[in-house]
Amino acid sequence: MPTPATIKSYQDIKANIEGACQRIAPLWPLKHFVAVNPYVGLRDQPFWRADQTLRKITGKGLTMPRPYYEEQIANGRIIQEDLDEALKQMHSNWSVTQLKQVMKQRSASRNVPFPVFADAMFADDRRDWPGFVVERISQYCAAYFDEGQATWSMPWRDDPMYQAWLKFMHFDKSPRMVGLRGIGEAAAALPAAAETAIALALKELSVPFDLIDDYLFAALLSIGGWAGWARYLRWQAELKGETDQSLRDLLAIRVCWDAILHKTCADIAVRKQWHLMLHTQQNRAIEKPSEHVDAILQTALEIGYQRSLIKSLKEASRPSNTVIERPVAQAAFCIDVRSEIIRRALETVAPGIQTLGFAGFFGVLMEYVPFGSNAPKGHLPVIFNPPYRVCEDLSHASEDETQRHAAKRQLRLRVATAWKSFKTSAVSTFTFVEATGLLYAPKLFGDSMGWTRTVPHPDERGLDSGTKQRLRPRLIASGNGKSSAKSTGIPETERAGVGEFILKNMGLTQTFARLILLAGHGSTTVNNPQGTGLDCGACAGQTGEASARIAVTLLNDPATRRGLEEKGLKIPKDTYFIAGLHDTTTDEVTIFDTEDLPTTHAKDLAQLRQWLADAGELTRLERATLLGTASQAPEVVTRDMRRRTRDWAEVRPEWALAGNAAFIAAPRQRTRGVDLEGRAFLHDYDWHKDAGFSTLELIMTAPMVVANWINMQYYGSMVDNLRFGSGNKVLHNVVGGSIGVLEGNGGDLRVGFALQSLHDGKRWIHEPVRLNVVIEAPQAEMESIISRHILVRELVDNGWLYLFQIDDDGSVYRRVCDKQWPRMT
């Protein structure tokens, strides 16, 4: 290979490397598996230009296969009016008739992914060399990043990733086993610096300067799962003001594999094939969006949903300016689309109740430390850093009792870990099964029948039921049974400020009910590595229980209320907040800390419990339609949904956020009584009460962005499940402890959602449409926020979501280019 001194023409390679790394979306670990926009690195491009980029790099863009759209036209989901409007929006000169004629013509050209050198080898002998390279890198990454799953740890994990790989390659004999010679020697000749190695690799491969960016992006996407994990490590480091070079090092490893294969390849035909592939890419032509049939059809699909949504909103009752009488109760749920159904059901069984929508962390930016642990878990949107650390503690206990129970839990966890290590060790694998296998027969039978949980819930491991019932978050500093260098709790001087933030952004500043429920949400499943993806995204993939309970504790705190009153927020003395958890698998709501309520509110609590039970039944019956039990009696539906929480063979315990398509920030009266089919994120917002529009700014920069991430994660998982989804859930195997999953026993780390989260085996349950954001607020204020925040501006101006404004009279306007807002008819 050439020496660094000879690569003067690659002196600006650092910018290319950084550009490729920025294109990769982070992948959060399984312990808080939150949805991420897989195209977040392309948001600086208009949506349909990003489609062109992806088709050039991966061979697959941002649309579904043509037959999908043909089916939507055939069943009436896309109508003539939608096609007409789509052609206008895409600036196409075709008529609908011409479009349908072109639809019948299959393109003669095929989108070919941007090649890596292993593709040239595959083209020559049809052996899966690209798969071999991915397998070698994936196994290396699993060992290097392992978080405790491996019995033996890699010896070079303390070295930078690229330098550790150089040492690993010295011992890796697998290339020789598949007939590759000289790999180890070529790897040994690589430079020690990752950036220098990348430059040398590009020189070795003769990648033209104008293709460097595309090649580096393609190289990272060829190992996209592990690239996402490395991007996550960088993301976490940046939140702390630090740096992490794992992604750059992974890129160096990937391109060096290509360079090594090229250097050791003696076949002239393969080298010629490689240069031909590069030449083809340089002369490649991509369809314009106006001529891209599937882009027009995708736009028509989205217009069809907008037509239905806007019609429903226009037909809804208008918000009233009259003073609302005191509600019989108030219940705040997360903005999650699953909350839309239970909120609608609760308002049906109790018309006098007021429901609210707010992000499920309930405004408390914290990390939460489980009892007996010193490892905090984020309970806030992943785009924020937690200013507070709150500990779970044993209620009504002395310090000595707390320490005893914490020590007992720690001992149980250590014993469980040691027992698991013994069962999986090399010396006991066979003898253990032979000696004790029969003892596990009752549990195996119970687990198989779905009568028992296969394993305890992670939050309950090492705890007996009595201790579990006594655990709760503490507002004040707590030892939690463990020492901590970081102060815990929320300082008393800051509580009124936090309370004000919660109430104002929830839209709850007057007319307080006697009883106010803050209901977080979570899911209950077993044998589901990606189970945290069903929990609350606003709580970083945790349940909303801790967030709801700490918010309630704070809002009931007398000192906090005195501080709130000084800020002009007077909560009546007979108003009490109470925390709950909505189980989205069973639609049952558990209420916590009821012993804190005075006896004067016993009837209020009993009535609320009954309303929640009735609403849960209505919600289950509505959801049963998609779960195949719609014709069953209510008690049968309930039993089936409870079974799903324990059944280790259930691949579709619930549909989670499948179908999500809209984000609405408006007074509840705007959507109350409207069946939004569990497809809309609902955030309560009244701009008339938002002095300075700080709440509007928060909504557009946080919940709206998070909803876009969720929406795009589902979108990407459906239109390109191979790269941005996780394949078949049945084949998932956990790797690295809690890093992620492989499909089967090898290949790349998988990202996104499994097919079972999108498809019921017969038809698609999710519909790939970009998020439709509807906000009831002045256009000028929204434009001001768009202009101040580049992230929001990129999402809106580049078409990664649709933005609509709804006026006080119910008129709807769509935001288009040049800051124009034409009225929707």
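Cβ from N, Cα, C; glycine included.
Among His292, His521, the residue that Swiss-Prot places alongside Cys334, Asp336, Cys536 at the Zn(2+) binding site is His521.
What surrounds the Zn(2+) site, by Cβ distance within 8 Å of the Cβ centroid and not counting Cys334, Asp336, His521, Cys536, is the set Phe333, Ile335, Arg338, Ser339, Gly360, Gly520, Gly522, Asp535, Gly537, Ala538, Cys539, Gly544, His582, Thr584 from the same chain. Cβ contacts within 10 Å of Asp336 (Zn(2+) binding site), excluding its own Cβ and spanning all protein chains shown: 27. Spatially close to Cys334 (Zn(2+) binding site) yet at least six residues away along the chain are Gly357, Phe358, Ala359, Gly360, Ala519, Gly520, His521, Cys536, Ala538, Gly544, His582, judged by Cβ distances under 8 angstroms.
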